Amino acid sequence: MNVKPEEITSIIKSQIEKYEKKIETVDSGTIIQIGDGIARVYGLNGCMAGELLEFPNDVYAMALNLEQDNVGCVLLGSQEGIKEGNTVKRTGKVVEVPVGENIIGRVVNSLGHPIDGKGAISTTETRAVELVAPGVITRQAVKQPLQTGIKAIDAMIPIGRGQRELIIGDRQTGKTAIAMDTIINQKGKDVICIYVAIGQKQSTVAHIVNNLIETNAMDYTIVVSAAASESAPLQYIAPYAGCSMGEYFMNKGKDVLIVYDDLSKHAVAYRAMSLLLRRPPRREAYPGDVFYLHSRLLERAAKLSDKLGGGSLTALPIIETLAGDVTAYIPTNVISITDGQIFLETELFYSGQRPAINAGISVSRVGGNAQIKAMKQVAGTLRIDLAQYRELASFAQFGSDLDKESKRTLEKGKRLTEILKQPQYKPMAVEKQVMILFAASRNYIMDIPVERISEFEEEFLDYMDTHHREIGDEIKEKQVISDELSDKLRNAIEEFKKIFLIEG
C-alpha cells in the first residue's frame, strides 16, 4: 500500500481548520436543603433577585432570598425526584410569560401554559412578570367610563378606564358575580378582559369559564388560573403574570380590564412562602412587605398618555372579609392602594337586595369624571335620596308619626331600592340605565306599586325598544339629555304608564 505524505498532510490540515475551540461556562450551585416547595442552594454567587433557576427534571425556580452563603428559591413546579446534592444552573433570565393575541380565549396557568386542552399557544413574544409601573409623566387623568352594566355601580360608583376599584365583602355576597357581569358587559366595546383566579376551587374556575363561553365573553377574555391545589409560588406569581399579559395590550393602545379574584388568598400564599423562606413575620404573621406586594401590582393599572397610544389597564381586585370587618390588615392595605371600593353586605344580600352594594360605604374616587353627562343628569341625587331613605327608614321603624314629606321620601326610597336590583348575567346598556333612572329620579314611578316595580322596568324598556328606539339611540350617541329629549322621554313614560296601569 502506497501512502502519500501529501494526502496525510492535507487531511491533518483540514482537521485543524475545522477544529473549534469552545469553552462553555455554567454558573451552577448545589441543593443543600429542599422541602415544601422551597430550596436552598449553595453557590450561584452571581444570582439576581427574581432570577429563573434551572433544576433537574425540567423544573424551574425563582430566586427570592439572596443570603450570604446560600440562595433561597421557590419551585415553580413539582419537587418530585429532586433531592439534596442535585445541581442547579442559572439561566440569566427573570420569570417571563408568553404574551400576544393568540392567548385571548384561552385558559392558562401562572406560567402561561395552556390548561384548557386546546393545544399549544403559538406566540413568540414573552414579557417579564415583575415590571415597574408606568411613571407620573406617562399617565393621563382617568375620564373615560368603563361601563359595568350594573345600575347601582354605573350610577353611584362609576369606574373609569385605568382606575383600580376594589370589590370587598364577605364570602358568598356576589363579589365574583359583579366582576363576571362587568366582563360580559364589555362585549362589542373593544375591551380585552383578563380574569385571574387565585386559590379558587377548580370546579369554581370551570363554572366561570363555562359561563364566559355561554355568554360569548370568552372571545375577548383570558383566564389565568392558579387553583387551590397549586403551590404557593404559582399562586403568588399568578396576578403578576395576568398583569403582564394585560400590559402587552395596553402598550398597543388597547383598553384592558383585569380582575384579581382574590387578593386575600394571594396574601395568604405569599405569607406561606415567606414563612418557609424564614423571613421575619409581622402583624397577623404576614411579612413586612405585604403592602408592597399589592401596591406594586395595582400601580401597574394606568391610563397611558396619548403620546404612548392612550391604552388603559383597569383593575378590579377582590378582597374577602371576615364578618364584614374592613379594618383587618389586608383589607385596609388594599383600600388605601385603590381608587375606591364597592362594599357588599351579607345582610343586604340575604334581604334580597342584589347586587348587595352598600351605597353608604362604597365610593369611587374618580367619581363623575368617569360618567357620561346623561348619567350625571339622572343619577346626581341618587346617593342622597338613598341616604335620606335609610335614615328615615331606621327612624320610622319605631312607629313615629311621619309628616307628608317624610312619607314621600320613604316611598321614593323603596322604589329606588327596587330599581337598583338586578339579576346576575344580565348587564344593562347605559342608555337603558339612563331611561329607567330618569323615570325613578324624576318621580314618574311614584304611582306604581313597589311590588310591581321590576315588572314595570322590564316592560318599560321593551316598550321603549319597540316604540321609541330613537330616544335610546340619541342618548347613546349624544350622551346627554337635552330639554327636547327630556320632554320626549317624559311623554313616552306617561304614555307607557297609562297602558301599564290599565293592564295591571
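Cβ from N, Cα, C; glycine included.
Mapped onto three states, the DSSP output places Thr173 (ATP binding site) in coil. All protein chains included, Thr173 (ATP binding site) registers 26 other Cβ atoms within 10 Å of its own Cβ. The ATP binding site feature in Swiss-Prot is assigned to Gly169, Asp170, Arg171, Gln172, Thr173, Gly174, Lys175, Thr176; the stated evidence is sequence analysis.
Annotated site 'Required for activity' per Swiss-Prot: Ser362, in sequence order. Around the Cβ of Ser362 (site 'Required for activity'), a 10 Å sphere holds 22 further Cβ atoms from the protein chains shown.
By neighbour count, meaning other C-beta atoms within 10 Å, the densest spot among the binding-site residues Gln172, Thr176 is Thr176.
Within 8 Å of the centroid of the Cβ atoms of Gly169, Asp170, Arg171, Gln172, Thr173, Gly174, Lys175, Thr176, where the record puts ATP, the same chain has further Cβ atoms from Glu320, Leu344, Thr346, Phe349, Ala356.
Distance from the CA of Ser362 (site 'Required for activity') to the CA of Gly174 (ATP binding site) is 15 Å. Reduced to three states, the DSSP call for Ser362 (site 'Required for activity') is coil. Under 8 Å, Cβ to Cβ, and six or more positions away along its own chain, Lys175 (ATP binding site) finds Ile167, Ile168, Gly169, Asp261, Asp262, Ile318, Glu320, Leu344. Here the binding-site residues are Gly169, Gly174, and the one whose Cβ sees the fewest other Cβ atoms within 10 Å is Gly174.
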